[in-house]
Every structure is written in C-alpha cells, then in structure tokens.
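The next block holds one structure in the form of structure tokens; read it before the comments.
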Amino acid sequence: MTTPQEDGFLRLKIASKEKIARDIWSFELTDPQGAPLPPFEAGANLTVAVPNGSRRTYSLCNDSQERNRYVIAVKRDSNGRGGSISFIDDTSEGDAVEVSLPRNEFPLDKRAKSFILVAGGIGITPMLSMARQLRAEGLRSFRLYYLTRDPEGTAFFDELTSDEWRSDVKIHHDHGDPTKAFDFWSVFEKSKPAQHVYCCGPQALMDTVRDMTGHWPSGTVHFESFGATNTNARENTPFTVRLSRSGTSFEIPANRSILEVLRDANVRVPSSCESGTCGSCKTALCSGEADHRDMVLRDDEKGTQIMVCVSRAKSAELVLDL
C-alpha cells in the first residue's frame, strides 16, 4: 500500500485529467507504481498541494471500495485565491502531486436506514461518493437531488441521467432564475424513521434545507459547505489563547484569526480552506467557550473542538490542546 512521506502527504500521479462540465475538471490520482491507496469512506476529503504553493481540500467522488485511485472534481473559481486555477492550468496528466491521507468529517450515519442526498453545483462530489457506496451496499435506500444552473454546468451529467441512475436521482436546472428554484417542501414535509439528510452546496441551498428540516429529529440533518460564510457579519473582539502542552499564551486581536497568530509563532496546525469549510484545522478545545463560525462541526462536537481558521471566543480565554 502507498505510504505517506515524512510530512504525512502521499506522492501520487495524475493518471487522468478531464473537463467534465463548464469550469469543472475531474482528476484521477493513482500511485506511480500502481500500489493500492489508503482506504476511505464516502464523504471523505483530501488536501492537495497545488503548483502555486497553496493547499486546497476536495471531496472524493469515486466509489469507496476502489483502492487503486482517488477521483476528485475541481471547479475553476475565478473569484478565489488562485488554488483551483493553478491546479487546473498548471498540471498535466502524468504530473506528480502531493496529497494528504483521506479524512472524513462528513460520514454516512451507520444508524440511518434511508437517505435524502442534496447537492448544489460542485457539492455533488461527496454526494456522488455516498450514492455509489449506498448502491454498492444495496441495503439502504436513497434519493439524490442535484441542483445546477443548466446541463452544461452539471458535473457527471451523462452518468447521472443514464438508465442506471434514473430512478434514484432528480436533477433540477433553474437557469439562473430564482423563481424556478426547486421546491423541497414535499421532500422534507415528513420524515421517516431513521431517515437522514445530507446536504452539500452553496450557503443559500443549505439555508433552505435547514429551514425546511427544522422539525426533523436532532442529529438527522447533516451539512457540508464548499464556500466561505460571511464571518465578518459579527463584531470581532480580542481574546487570549493558551496552549495546554506548552503553557504559552497568545493574544488574538480583532483583525486576526487564531490560525494566523499561531502560524506566525511557528505553531504547526494543519490548514487548507481558511474559511471554516474543510475541517483541516480542527483542534481540541480544553476549556473556554468558543464562538463557532465554521460549517463543519456537529452540535455534539462544539464543546470540545474548534476550527481555528475562523472561529473565535465568547470567553476571555480559550485553552487548546496544542
């Protein structure tokens, strides 16, 4: 099996690179010698070191039973920080790329008996892996709702409109017209016993799903975002962070994140998106009350974990397990 380097990253090869929709490319990553890759489960993501020096996190979208490859889809984001553009424009088939081990902050709940999967745009990637896994298992039913602007911008369109998937997938195009948005009320009006909802997409879609599932049992509706939220909408105040292992304290000013301050002090914390959406910087919280601004943590994790790239403090001090 492929083994990580000293920095914990795998050195893989871009076995194939293909444009699969408007502004969206798929990348198939394999071991250069053909060795099996470390396993993953549906919902997992990995971090890629892209040519411009930044690191970006992408969800795996292939079948989790496959051990010979990782498949990701990358959307070219002209309004981003350049990571996706560099990955798409500055790589070719056959190039080497450094990739983290897969990690999963968005797993399918083993207690669920059926699933509603909701994807918006490039948010299809973890949902497709989930759908593949559920189809392979053949034990639990699912229905995938996939919302995009038009067919040309729909990743995996040909596959998901094939006879194989037709009975399990509903694709809806709004053509950029808000009045043609999909009406989810009939989907979420009533929940079935042990039915869970998984949603990945733009903030507006997640807000809609959250609003329509407010009456569902706690812990049955799960979200993963691929875009930053407006964390600046709240007023920032300074606070102190203390590291439990060294006892060192840092003042976090109103205009800087915990991650930025720790990075300047050469305190190693994994990171990628820096928008509270990927889960890379999740850090154990020993004491203090956090002001959670991420889109990753479940309610039952918020007392003991914090995403240091965006979240701040409600108390005067936070103690982190670093």
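Placed from the backbone N, Cα and C atoms, the Cβ positions cover glycine too.
According to Swiss-Prot, the protein carries these features:
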type: DOMAIN; residues: 7-109; note: domain 'FAD-binding FR-type'
type: BINDING; residues: ARG56, THR57, ALA73, VAL74, LYS75, ARG81, GLY82, GLY83, SER84, THR125, PHE226, SER275; note: FMN binding site
type: DOMAIN; residues: 239-322; note: domain '2Fe-2S ferredoxin-type'
type: BINDING; residues: CYS273, CYS278, CYS281, CYS309; note: [2Fe-2S] cluster binding site
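Taking the features listed in Swiss-Prot, we show where each one sits on the structure.
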residue : record                        : Cβ contacts under 8 Å, 6 or more apart
ARG56   : FMN binding site              : THR47, VAL48, VAL50, VAL74, GLY83, SER84, PHE87, SER272, CYS273
ALA73   : FMN binding site              : ILE20, ILE24, TRP25, SER26, PHE27, TYR58, CYS61, ILE122, ILE124, THR125, ALA155, PHE156
LYS75   : FMN binding site              : ASP23, ILE24, SER84, GLY121, ILE122
GLY82   : FMN binding site              : ASN52, SER54
CYS278  : [2Fe-2S] cluster binding site : ASN45, THR47, THR57, SER272, VAL296
CYS281  : [2Fe-2S] cluster binding site : LEU259, VAL269, PRO270, SER271, SER272, GLU274, MET307, VAL308, CYS309
Cβ neighbours of SER84 (FMN binding site) where a neighbour is any other Cβ within 10 Å: 22
Secondary structure at SER84 (FMN binding site), reduced by DSSP to three states: helix
Extra residues within 8 Å (Cβ to Cβ centroid of CYS273, CYS278, CYS281, CYS309), [2Fe-2S] cluster: THR57, LEU259, SER271, SER272, GLU274, SER275, GLY276, THR277, GLY279, SER280, ASP294, MET307, VAL310
Local backbone state of CYS273 ([2Fe-2S] cluster binding site), from DSSP in three classes: coil
Predicted model, mean pLDDT over the domain '2Fe-2S ferredoxin-type' (239-322): 92
